[in-house]
Amino acid sequence: MRSERTKKGIERAPHRSLFRAMGYTDEEMARPIIGVVNSKNEIIPGHIHLDAIVDAVKAGIRMAGGTPMEFPAIGVCDGIAMNHEGMKYSLVTRELIADSIECVATAHAFDALVMIPNCDKVVPGMLMAAGRLDLPTVFVSGGPMLAGKYGNKRLSLTNMFEAVGSVAAGKMSEEELSEMEMCACPTCGSCSGMFTANSMNCVTEVLGMGLPGNGTIPAVYSARIALAKKAGMAVMDMFEKGITARQIMNEKAFENALAADMALGCSSNTILHLPAIAHEAGVKINLRRINEISETTPNLCRLAPAGDSFIEDLDEAGGIQAVLAELDKKGILHTDLLTVTGKTIAENIKNARNKNPAVLRPSDNPWSATGGIAILFGNLAPNGCVVKRSACAPEMLKHSGPARVFNSEEDCFKAVMNNRIKAGDVVVIRYEGPRGGPGMREMLSVTAALAGQGLDKQVALITDGRFSGATRGASIGHCSPEAAVGGPIAFVEEGDIIAVDINAYSIKLEVADEELERRKAAWTAPEPKVTKGFLARYAKMVSSADTGAVLS
Ligand SMILES: CC(C)(O)[C@@H](O)C(=O)O
Ligand SMILES: [Mg+2]
């Protein structure tokens, strides 16, 4: 046992005295020590209830003969951090979470880990730690929030952000906005659509790191508590069999994750997180390979923000296992891979059934023959940029128009709220990349306000920042290289024509090469916006978005 480093022999008597200080018994010390990473806090709706999940996990570990030892992980609510300086501190927590778990788990020589995340950056941060540490590891998330009800309409956080634009455009009253505010987010859990948190929790299940049900069972269902108990038992089984994270998260597992991403219509943020997680697991994900997978994977789900169903509906339809069964019918899944159930994907999906073809389209009757995400390349983004095409109005799949250039999210948001963006425009928001932001802000307020004004069918937006999973429209993010390092997006001028052809995977700044060279020669890198603290250190070290914005 790895944990013997902290508890066996005469030289470990001091260590044991410290365990005794916490009330641990000989029996508890003799058993495998399982680190239980609890990201509970009182500022994220997806995390407020996690103590109940943690208690159930610990019960499962004890039932199966282990000793759980809990330690914390931080987390940020992207919704509450949105549209202000706070959002610069969101993506960066992913690395803090991974690094801090590495520190605690190694310092205390845990034998195995159970990770309990829920929201956006906590899931990938923990998956990165799992890949780095390569211990037996099981994930059980907090589960999705139920959808809100407003009159006879169901709604989610997307509607709230879009309503802000509707009020600004005079299409909705402030009274209606306040009424919606009271019912959009009715329970604890990760926001109810196929936004980033749920995307990542679903992908965790596909990777094989979460038990069946991990991605979709609602936070308030008793089945989630039972799942947590099973996760505690599963980690003990993995420990006994010597199954570690990297045996599960191999190259084929990431291919499965990307295929499911395309079928589910996941958040564009998965294209940052999956390469970052793969990097920690020793696997390389290439953006061009992602397009190949998207080209051959049907899009089966249009949950919010692409449609009006929610994660709870996907759960009732059979959840992620039913999605995998649909994909398997097309032969696009590697099914011989091991998962935390101790069984293969083929064994896990044997009895999975699609119980609602309106929510989960059968693979021979998809929403589209191609997947939810497209990576565009061209002179404006030589290293690629990302769009969730399944949440884009069909008329915007091909668009060209004049650039409206902003050097920060704030400047652009003001212009949108003052109704200064017009039909046909291509909004450019730059110096918001991983290094330039710093921290690559998520720009749901801008994209939602445009959608709330009805402009999502007429306006495209491109940025070196990123979006929320709740963003819809021709919102093209992660433009690489970013403006702060002299990427071509830095050279766009007001009125330049930008042509986007999403299904051709192309984005073009229609300015002659010689002119772009002239602009490049006249360009100087801006001074760093932040000069102290973690953000300043992050800005110096972070890689480009096309490689996952990682620190190594
Ligand atoms: C606040 C949201 C909706 O969670 C967003 O952060 C996302 O990325 O989906
Ligand atoms: Mg987010």
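Glycine residues also receive a Cβ, built from the backbone N, Cα and C atoms like all the rest.
Automated prediction, rather than curation, is the source of TrEMBL annotations.
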Asp120, Lys121, Glu442 bind Mg(2+) per TrEMBL; candidate in Asp78, Asp99, Asp411, Asp464 listed for that same site: Asp78
Residue among the binding-site residues Asp78, Asp120 whose Cβ has the most other Cβ atoms within 10 Å: Asp120
Under 8 Å by Cβ from Lys121 (Mg(2+) binding site), counting only residues of that chain that are 6 or more apart: Gly75, Val76, Asp78, Ser90, Leu91, Thr93, Arg94, Ile97
Ser468 (active site, proton acceptor) versus Asp120 (Mg(2+) binding site) - Cα distance in angstrom: 9
Contacting binding-site residues, sequence order - Asp78, Lys121, Glu442 vs ligand 2, Cβ under 6 Å: Asp78, Glu442
Sequence-ordered recorded positions from Asp78, Asp120, Lys121, Ser468 with Cβ under 6 Å of an atom of ligand 1: Asp78, Asp120, Ser468
Sorted by sequence, non-Asp78, Asp120, Lys121, Glu442 residues with Cβ within 8 Å of centre, Mg(2+): Val76, Ala81, Ser90, Leu91, Cys119, Thr196, Ala197, Asn269, Ser468
